[in-house]
Every structure is written in structure tokens, then in C-alpha cells.
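Before any comments, here is the structure.
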Amino acid sequence: MVKPMHLFAVVDALEQAQQFQQVLASRDVSTELVQIEQLNARFLRHHPELALCVDLDGLWLSANGMKMQPDWQAEIPRLKRASLKSEMIARACQINEQPSLIDATAGLGHDSLLMAYLGAHVTLVERHPVLFTLLEDAKSKAENDPFLSKYMQRIHLIFQDAHYYLQQCNQDDRKVDVIYLDPMFPQRDQHHQVIKKQAQVKKQMQLLHLLLPEDGEMDLGDQLLPLAQQIASRVVVKRPKHAVFLNEQQPDHQWQGDACRFDAYFQISM
């Protein structure tokens with residue numbers, strides 16, 4: 001159950017904010033719409049609580065003077081530099097074969113956007129109503145972007161718990177080429193020490209942790225791995241370089257980078 005939130009909106013985006021309020025209400029998220037003059041740094045400092053904001057840039061999350069937005073358009077420079085050879089994630093997920101791929105831990109959707117750009121047909125699964133609404137807004141804006149629009153037909157958003165969605169796929173005998181997992185929790189090394197992240201990533205993670213508290217209801221990813229292995233011929237798990245294996249399961253192959261690695265699990269019979 002999501003706690004009631006403020007929905008701050010500038011005057012020029014008030015109509016859009018009302019639409020977001022209706023969408024969120026349909027997903028059992030209660031918001032109090034507050035019209036303000038400016039959504040600037042000063043306002044955010046004076047309103048440190050977790051809140052949603054709407055301006056001409058769309059919908060975003062704020063807390064403790066920070067803001068977070070999927071903002072797929074900001075990823076365009078990265079996409080233009082990317083290639084099947086240069087991106088480790090592309091090699092790990094065999095994007096050159098244009099696979100059907102489920103991203104069961106969607107997050108902000110940046111990895112899925114990259115994989116769709118490089119040729120994969122991606123289904124993003126997200127259970128949290130606020131994060132899903134943020135992803136919807138990011139995709140909607142991307143559909144109207146001259147550069148991104150042609151890649152959006154390869155991206156499909158599913159508002160559902162990933163564990164339940166994968167169970168349904170298994171029961172319906174639906175198979176995919178790849179399932180991609182990038183669990184938010186836990187991010188600890190073999191000595192159980194918390195792994196340090198870059199400053200910008202830290203800010204995004206702080207807001208995500210406020211939105212998605214690490215409690216008994218949060219799926220830590222360990223439960224997803226064995227389920228994913230029943231559905232996909234290849235399961236790829238993104239981990240910090242020195243993190244423990246997901247579900248304490250040794251991968252069949254690894255791709256190692258400076259800050260992270262990709263652990264791959266193969267099901268040859270599929």
C-alpha cells in the first residue's frame with residue numbers, strides 16, 4: 001500500500017497533473033494536488049518529504065532536495081555512442097540476435113531502452129504504481145521524440161509483480177529468449193559490505209529506496225532467478241563487480257567490467 005503523497009504542479013502543467021492524479025488514483029495511489037509558482041531548488045529544500053512533481057518536463061519524484069525522473073530522452077547521447085560490440089550488456093544478452101527479452105526488474109528503464117535501441121524486443125515488468133507511472137510518462141515522451149520514437153514499438157510495459165508475471169508465463173508455457181535481472185537489493189560484496197556507487201547513482205537509489213523500502217514485501221531477486229530459468233534459455237543478472245551471486249548460484253558465464261559484471265545462466269534444453 002502506497003502512502004498518500006503530495007503532487008506539486010506548476011500552473012502551466014496543471015492540466016497534465018490532474019491527468020496524472022486520475023491515473024495514480026486508478027492504481028490506488030492517493031495524491032493531494034498543490035499548485036505552486038516554481039518547482040526550483042529552494043522549493044525542494046523546503047519540502048523534503050517524498051513527493052511527486054509535474055512541470056513542463058513531465059512527472060518526477062522529489063525528496064530531500066533531490067529529484068528523480070526516468071528521462072529516456074537524456075539517454076540519447078549514450079545511445080548514439082552504443083554498439084553491439086561496445087556494450088557488454090549487448091554481448092551478455094545476445095542482442096545481435098534481436099531476442100525477445102523480459103526485464104523483470106525494470107527500475108528506470110535505461111538498460112531496457114538501450115537493449116531495445118540495439119535490437120531487442122523488450123517487456124518491462126514493474127509492480128510499483130508510482131514507478132510504473134513514471135515509466136509510462138518516459139515512454140510517452142519518447143514516442144514523440146524524433147530520435148527515440150521508432151524504437152518504442154520494441155518496448156512494452158507491464159504493470160504487475162514480476163514474480164507473478166513470470167509464474168503466469170511458466171503456467172502458460174510462454175518462453176522467451178532472455179530474462180534480464182538487475183535487483184535493487186542487496187548490493188553487498190562477498191564480505192557483506194555495502195558496495196559504493198557513483199554520486200548520481202546514489203541520489204537516484206536514495207529516492208528509489210524511499211519509494212521502495214527494503215522490507216519483507218520487496219522481492220530481492222533471489223526468488224526470481226529459479227523462476228526465470230524455467231522460462232528463458234538465457235538469464236542475465238547485472239551485479240556490482242564484487243557482489244555475491246544471486247541466489248548463491250554460480251553462473252555459467254560472466255562478462256566483467258570495471259564497475260559491474262553480468263552473470264549468465266543458460267538452459268540448453270530450451
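Glycine too: its Cβ is placed from the backbone N, Cα and C atoms.
Arg127 (S-adenosyl-L-methionine binding site) falls within neither a helix nor a strand when secondary structure is assigned with DSSP, and so counts as coil. Sequence annotations record features per position, and here Swiss-Prot assigns S-adenosyl-L-methionine binding site to Glu126, Arg127, Asp182.
Site extent for S-adenosyl-L-methionine: the farthest pair of Cα atoms among Glu126, Arg127, Asp182 sits 15 Å apart. Apart from Glu126, Arg127, Asp182, the residues listed for S-adenosyl-L-methionine, the same chain places the Cβ atoms of Asp103, Ala104, Thr105, Ala106, Gly107, Leu124, Val125, His128, Leu131, Ala162 within 8 Å of the centroid of those Cβ atoms.
The DSSP secondary structure for Asp182 (S-adenosyl-L-methionine binding site) is coil.
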